[in-house]
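Here Swiss-Prot flags 13, 14, 15, 16, 17, 18, 19, 20 as ATP binding site.
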């Protein structure tokens, strides 16, 4: 029976804001002292294998309904109980969940990053520290364009069309408003070394109270 529970750090912000960079900066600074797990909300998009490819491409991936939040909460709670989980893998080329899973062991620090990780109360309630990464719209778009064309096999035109049709409106409607739930707001994303250092100091402080 474990006498303590992992601490959960939620990192939210728009696509391309620097969430992943910050998560890995924290990992690099703390990994020598603690076992750390990074989880991404992108892994928990709903399984769309019942839809045609044409219909999958029409899905609004920046809307809260695109995510399998019950599964995310369930697996996060299992990890908090120090139980391993089979984490889903999302295939961004096929626009659906892969048949593969990743066997994931629990850790003392769990960093959960994603556009809407602060959007649901039952998920926020599991977090010890809530972070919102606030980055200029133009910078976020350029980063998303580079990522989706280089890593996800997208065309420039499709990325631009998606940004104008869903990404920007969904950011304004659903993502940016979750900033009010954050304990810490990090401007300029992964480029803000001072904020990242302050964040790791805060995490160490929280850790010292549960060890």
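Quick reminder: no glycine exception, Cβ is built from N, Cα and C everywhere.
Residues within less than 8 Å, Cβ to Cβ, of residue 20 (ATP binding site) and separated from it by at least 6 positions along the same chain comprise 40, 113, 190. Of all Cβ atoms in the shown protein chains, 29 besides its own fall within 10 Å of the Cβ of residue 17 (ATP binding site). For residue 18 (ATP binding site), the count of additional Cβ atoms within 10 Å of its Cβ stands at 26 [all protein chains shown]. Its Cβ taken as reference, residue 14 (ATP binding site) is surrounded by 28 other Cβ atoms within 10 Å in the chains shown. Counting Cβ atoms from all protein chains shown, residue 15 (ATP binding site) has 24 others lying within 10 Å of its own Cβ. Excluding 13, 14, 15, 16, 17, 18, 19, 20, which define the ATP site, the same chain contributes 115, 133, 135, 140, 143, 189 within 8 Å (Cβ to the Cβ centroid), listed in sequence order. With a 10 A radius on its CB, residue 16 (ATP binding site) counts 26 other CB atoms from all the protein chains.
The C-beta environment of residue 13 (ATP binding site), restricted to residues of the same chain at least 6 apart in sequence and closer than 8 Å, consists of 19, 115, 132, 133, 134, 135, 175, 189.
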